[in-house]
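Trainee: According to Swiss-Prot, the active site, thioimide intermediate annotation covers C193. Residues or ranges marked as active site, proton donor in Swiss-Prot: D200. The substrate binding site annotation in Swiss-Prot covers I91, E92, S93, H232, E233, and the record cites sequence analysis as its basis. What Swiss-Prot records for S93, K94, R261, G262 is NADPH binding site.
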Amino acid sequence: MTQNHDPYSDAQALVGLTLGKATDYQAEYDASLLQGVPRSLNRNAIALTGTLPFHGADIWTGYELSWLNAKGKPMVAIAEFHLSYESLNLIESKSFKLYLNSFNQTKFDSIDSLQKTLVADLSQCAQGDISVKIIEPKSFGIQRIIELPGTCIDDLDIEVSDYSFNPDYLENSTDDKQTVAETLNSNLLKSNCLITSQPDWGSVMIRYQGPKIDREKLLRYLISFRQHNEFHEQCVERIFVDLKRFCHCTKLTVYARYTRRGGLDINPYRSDFEQPGESHRLARQ
């Protein structure tokens with residue numbers, strides 16, 4: 001089994017996070033609540049230095065956005081955030097929740113003013129580009145629930161006894177005599193929060209071109225995240241790197257959609273050949 005040094009065990013960037021600590025909820029706008037985590041913590045550990053082998057975004061959905069209009073009347077909306085993969089930091093989710101809660105008793109003259117505030121604060125925290133889409137209640141009716149595209153591999157009748165993360169499940173997992181272009185998905189992705197060890201439930205889509213991947217070995221690999229502690233974004237980048245390394249995919253997209261916590265869901269998207277389409281939630285989100 002591959003043994004990896006824990007890149008987070010002595011990471012000073014994690015010491016000051018509010019995650020896992022008792023906190024007070026602020027009802028007045030406070031941008032200082034936002035906390036970033038350097039992406040380099042994970043990327044250095046999986047040899048992602050220099051030019052990255054993918055592009056993409058961390059796609060967040062905020063379901064509990066509320067503020068006051070100029071007359072003091074409460075307003076609500078859903079917000080969709082696209083944070084560039086190139087940002088220096090990812091945004092820590094609990095701090096994001098606390099930050100959004102701080103809008104609850106804060107007046108904004110317009111949705112445009114609210115949107116500009118969100119973009120300015122989040123881009124400053126992440127040290128990168130972010131776009132923000134505000135979905136008003138009049139558009140709630142067109143919000144869709146979908147299934148991930150591709151063939152689901154969860155019905156494979158396998159016996160599992162080891163739930164420790166192990167990329168070696170992908171060793172010798174391809175048939176070099178068959179080159180395919182296919183899309184697979186699984187709803188069995190589960191990892192744990194890096195700080196609190198709370199379960200993070202997700203679904204993942206893998207679209208690739210290259211030697212055909214043994215689906216049973218791929219499923220065992222995905223299941224091995226079950227007791228693995230890492231942030232959502234880091235898990236997706238780890239999956240991408242492992243598939244490139246072991247399966248020699250010539251084209252690859254890894255897209256995970258995690259269930260929401262604190263009114264937020266996180267949906268990391270990484271690809272070396274395509275861009276994310278429209279973001280639609282899954283049934284568990």
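Glycine too: its Cβ is placed from the backbone N, Cα and C atoms.
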Trainee: Whole-number answer please: how many Å between the C-alpha atoms of E92 (substrate binding site) and the residue listed as 'active site, thioimide intermediate'?
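Mentor: E92 (substrate binding site) and the residue listed as 'active site, thioimide intermediate' have their Cα atoms 11 Å apart.
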Trainee: Can you tell me which of the recorded positions I91, S93, C193, H232, E233 is spatially closest to G262 (NADPH binding site)? Compare CA atoms only.
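Mentor: Closest by Cα: S93.
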Trainee: Whole-number answer please: how many Å between the C-alpha atoms of R261 (NADPH binding site) and S93 (substrate binding site)?
Mentor: 9
Trainee: Please determine which of the recorded positions listed here (I91, K94, D200, E233, R261) has the lowest count of neighbouring CB atoms within 10 Å.
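Mentor: Minimum Cβ neighbour count within 10 Å, taken over the recorded positions I91, K94, D200, E233, R261, occurs at R261.
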Trainee: Taking C193 (active site, thioimide intermediate) as the reference, which of I91, K94, E233 (the binding-site residues) have a CA within 10 A of its CA?
Mentor: none
Trainee: Cα-Cα, whole number of Å: D200 (active site, proton donor) versus H232 (substrate binding site)?
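Mentor: So the Cα of H232 (substrate binding site) lies 8 Å away from that of D200 (active site, proton donor).
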Trainee: Look up K94 (NADPH binding site) in the DSSP assignment and reduce it to helix, strand or coil.
Mentor: helix
